[in-house]
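Note sheet for the following structure.
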Amino acid sequence: MAFKKLLAVLTAALSLRAAQGAAVEKRATCSNGKVVPAASCCTWFNVLSDIQENLFNGGQCGAEAHESIRLVFHDAIAISPAMEPQASSVRGADGSIMIFDEIETNFHPNIGLDEIVRLQKPFVQKHGVTPGDFIAFAGAVALSNCPGAPQMNFFTGRAPATQPAPDGLVPEPFHSVDQIIDRVFDAGEFDELELVWMLSAHSVAAANDIDPNIQGLPFDSTPGIFDSQFFVETQLAGTGFTGGSNNQGEVSSPLPGEMRLQSDFLIARDARTACEWQSFVNNQSKLVSDFQFIFLALTQLGQDPDAMTDCSAVIPISKPAPNNTPGFSFFPPGMTMDDVEQACAETPFPTLSTLPGPATSVARIPPPPGA
């Protein structure tokens, strides 16, 4: 989405909040005493309690949270104005990946999402909410469970999808940078900088299906924290593979136990995106601000923001990220500036400290049940 469209989305959201704030009679007090912009938001507190206990294991930033965040992107990005009128009923963030899961979770880029869809479906049925709204809500709550994440926005009002999204709309890790930039521009006129913002989600992510023999390989050494360490470690020279070396979409990583996607490697080094990538290193405030912005835009792809209800008050506030160094980012033990493959020609790479101690392996994340 171009900046002017992103600004329009945010302006609409803020205008809606202002209108709701001015019309006091439209606000509601839920049974738990929380005041929300509309009575329809109250049901989401019940959903929140349920999924925190029974999906996210008491509010953890684990595999179920990671896959819920992934599901938001894979549902939303599957929209293509360029395919109109063939896909005229496909509305991006509409829950089609859950409604038509037997079709969409068999698409190659969606492999592995059938498990989180299976885990989420009973909550949709139990609470009587739409799949599109639930996917956005679960993703926002999942992020709130990860220390360092922004205060997430959540709007309701997504009608159920009436047809599955076409195949071929979700970027793959083996796609070229050109292909991925073109795909996100087609989906919502997102530019190359906003693509980098989206990939901030890989700060709290792991691969379950790139290597068929090993699941739960994190993309950075702090997969339970929403921080900029992902943007550091993707710029370090690769030294080996945790599993096999012939997996499509994987390149060598700098740390044992870590998975590096080919697409992340290339975007971190492409002239169009390298400086934006580097800009997140040691800059937690920018990371938080930009991701909050892009997450809202993704969850409203194909929707009319003016027709949606702001229920952001239901989303918990994340804990702050632990401050390992003054700026949050660091070099893993045994690594220094000499290991950086810097691609941004405009600004120097930030000065970072190296964590003390011997080099260690990144621990795997147990995948969701049934994965």
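Glycine too: its Cβ is placed from the backbone N, Cα and C atoms.
These come from Swiss-Prot:
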SIGNAL    1-21  signal peptide
ACT_SITE  H74  active site, proton acceptor
BINDING   D75, G92, D94, S96  Ca(2+) 1 binding site
BINDING   H202  heme b binding site
BINDING   S203, D220, T222, I225, D227  Ca(2+) 2 binding site
CARBOHYD  N283  N-linked glycosylation site
REGION    349-371  region 'Disordered'
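If you count neighbouring Cβ atoms within 10 Å for each of the binding-site residues D75, D227, the highest count belongs to D75. Just so you know, of the recorded positions S96, S203, T222, N283, the Cβ with the fewest other Cβ atoms around it within 10 Å is the one at N283. The list of residues near the region 'Disordered' (349-371) in space but at least 6 beyond its ends in sequence, with Cβ under 8 angstroms from a Cβ of it, reads 62-64, 66-67, 112, 115-116, 118-119, 206, 208, 214-218, 220-221, 223, 232, 235, 255-258, 278, 281-282, 324-325, 327, 329-337, 340, 342.
Neighbours of D227 (Ca(2+) 2 binding site) among the recorded positions H74, D94, S96, N283, defined as a Cα within 10 Å of its Cα, are N283.
Only H202, of the recorded positions S96, H202, N283, have a C-alpha within 10 angstroms of the C-alpha of D220 (Ca(2+) 2 binding site).
Annotated pair T222 (Ca(2+) 2 binding site) and D75 (Ca(2+) 1 binding site), C-alpha to C-alpha distance, rounded: 26 Å. Note on proximity: among H202, S203, N283, the recorded positions of the record, the Cα nearest D75 (Ca(2+) 1 binding site) is that of H202. For the recorded site, D227 (Ca(2+) 2 binding site), the DSSP three-state label reads coil. When the recorded positions H202, S203, I225, N283 are compared by Cα distance to S96 (Ca(2+) 1 binding site), the shortest distance belongs to H202.
Closest in space to S203 (Ca(2+) 2 binding site), of the recorded positions given as H74, D94, N283, is N283, taking the CA atom of each residue. Sequence-distant neighbours of G92 (Ca(2+) 1 binding site) (same chain, 6+ apart, CB under 8 A from its CB) are D75, A76, I77, A78, I79, A187, G188, L301, G302, Q303.
Nearest by CA distance to H74 (active site, proton acceptor), out of the binding-site residues D94, H202, I225, is D94. Other Cβ atoms within 10 Å of the Cβ of D220 (Ca(2+) 2 binding site), summed over all protein chains shown, number 28.
DSSP classifies S96 (Ca(2+) 1 binding site) as helix under the three-state reduction.
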